[in-house]
Amino acid sequence: MILPIYVYGQPVLRQVAEDITVDYPNLKELIENMFETMDHADGVGLAAPQIGLPIRVVVINLDVLSEDYPEYKDFRKAYINAHIDVVEGEEVSMEEGCLSLPGIHESVKRGSKIHVRYMDENFVEHNEVVEGFLARVMQHEFDHLDGKMFIDHISPLRKQMIKGKLNTMLKGKARSSYKMKQVK
């Protein structure tokens, strides 16, 4: 089922999400709905707060990029109770967008290497060192779990330049090709 994506201004996007337990109701269905919602909106990642749930669940699908990044062929994963323990390596700038900020794309600096811990869909714990583009996507999505958005990483000048677009979202007048839940 395709769910509405919560847009900038929705309070849940600024909450710190909670860990969940193995008995969280309908988790498999939730994860499938998140993948379907993300795919429908042409995203590569989606965090539960973006569909209104303040829980630490993220889905990432990089298979759509496999022409440019062959290493991501068939890459489709769910991350439960995800945390980044260390960010290191060279800081790299790259343009980012976000399904919760339709129409906004800005250059964001992020570390090129991270140490992450999470559980998979079967609640098996993983500790990994991740580099490159996946590290960027994970940092972006895991930020949502801590109540942050990529615009929190841009300069005050750049933020001032997108203020009009942000105000449009705060008025509930954002436009996109996918179903959204806007501020009323």
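Cβ from N, Cα, C; glycine included.
Annotated features, as they stand in Swiss-Prot:
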type	residues	note
ACT_SITE	Glu141	active site
BINDING	Cys98, His140, His144	Fe cation binding site
If you measure Cys98 (Fe cation binding site) to Glu141 (active site) at Cα, how many Å is it? 9
Same-chain neighbours of the Fe cation site, Cβ within 8 Å of the mean position of the Cβ atoms of Cys98, His140, His144 and not counting those residues, run in sequence order as Gly45, Ala47, Gln50, Glu96, Leu99, Ser100, Glu141, Asp143, Met149, Phe150
According to DSSP, collapsed to three classes, what secondary structure does His140 (Fe cation binding site) have? helix
Count the other Cβ atoms sitting within 10 Å of the Cβ of His144 (Fe cation binding site), across every protein chain shown. 25
Just how many other Cβ atoms lie inside 10 Å of the Cβ on Glu141 (active site)? 22
So, three-state DSSP: helix, strand or coil for Cys98 (Fe cation binding site)? coil
